[in-house]
Every structure is written in structure tokens, then in C-alpha cells.
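TrEMBL has this to say about the protein:
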type   : residues : note
DOMAIN : 21-136   : domain 'BAH'
DOMAIN : 138-189  : domain 'PHD-type'
Amino acid sequence: MAKTKPGKKDLHSYPIKGTSKVVRVGDCVLMRASDSDKPPYVAKVYKIVGDHRNNVKVRVRWYYRPEEAIGGRRQFHGAKELFLSDHYDFQSAHTIEGKCIVHTFGNYTKLENVGPEDYFCRFDYKAATGGFYPDRVPVYCKCEMPYNPDDLMVQCETCKDWCHPTCMSMTIEEAKKLDPFLCSLCSSKDADKRPLNSFHVEPKGELKRRKR
């Protein structure tokens, strides 16, 4: 943990101006972007520091959106997906606009209702190298893509694989009416069982590090 400089003191909390919300260490927050056309940045607060002039700064660890990482947004990335980076900064607490919740991937998929403050994270991201952890994830369907929680998938009764209705040449409404559902491989007489493959996450491309 970074040491507090002389003349400054650690604070237990920070009230967000214009709201009734209070930020504490460990909270995830929305921070105003320098470009007003961009959505707020998401970060996790690790330290809150104030001085005798009531200037308050927070040490944060940034979450990156897929479009801010190498390779950009990909087909399997959810609309509310974030990557927990190894990029730390001290920022003025005045740029905090609100609080949010960054769920684990498993907990996010169990939410009955996803609110504006709900996000999820399933990858750690190395900002300097563009590396991801884990660097491989399971794939599903005949398109062999990782799971995107925004896309409806139906489970095959035989092989238990999950499939996108569009990849099975059917509409979402048609898929919901099928009971049981059989994928195209299992519905064929000479179907062979498929091994569960994995998708290599790390893309190739130029390194991009967020500028503040």
C-alpha cells in the first residue's frame, strides 16, 4: 500500500457532491471523463487522501472497457463488461460522479434485473502488454465463441452444449418453443460428440494505454 505523504491524512470516506452517496475504500465508482462525449470511467478505490486545504484525492485501480483494450470490442463481450487492469492512478475525488457495482461474471448472469449501475468483470488486463488472465475461456455453440450474457442461448438436451438460435437457423421465438431442443449435430443420425474447446482471448494489435 502506498504511504501517505507528510501534511496529508487518510480519510475513511468521501461524500459525492450533489448526492447522498458516500464513497469508501473498496467501492467501485464512476469518474468523469475529460471528454464529455465519453461515458464515465470505472475504477475501484484503494485509498482516500485529504490535505489541510480540503483537497481530496483517491488512489484508484482502473477498469477498462473492451473498446479501450487491444483488439477493441469483440463479439462475445457483453455491453456491461469491464476488464480489471493493473493501471493505478491518483485522481481528484471531485471527478467522482457516482457509485457502481462490478459483479463477478457468475453473479452477473444470475441477476434478474440489470440496472445502470451494474457491470461485470471476468478478465484481468495488463495495460502495458495487452495480456489477459485467464487467457483462455470455454466456447459454446457451433460458432465456437465464449459466452456473451446479452445473447440468448438454448441448451441441447443431448450434448448439453449451449447454442445461439441464430446459429441454428431459427428465431429466438422458435427456440423458446422447442422442448426438448436438439442441436444440429445431435439431431443428425451420425452425430459425434464434440470436445469442449477454448478460445484464446489475447488479440493482436497495437498497445493502447489509457490517457488521463
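Cβ coordinates are placed from backbone N, Cα and C, and glycine is handled just like the others.
Predicted automatically and left uncurated, TrEMBL annotations should be read as such.
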Mean per-residue pLDDT computed across the domain 'BAH' (21-136): 95
Helix-strand-coil residue split for the domain 'BAH' (21-136), DSSP-based: 11 helix, 59 strand, 46 coil
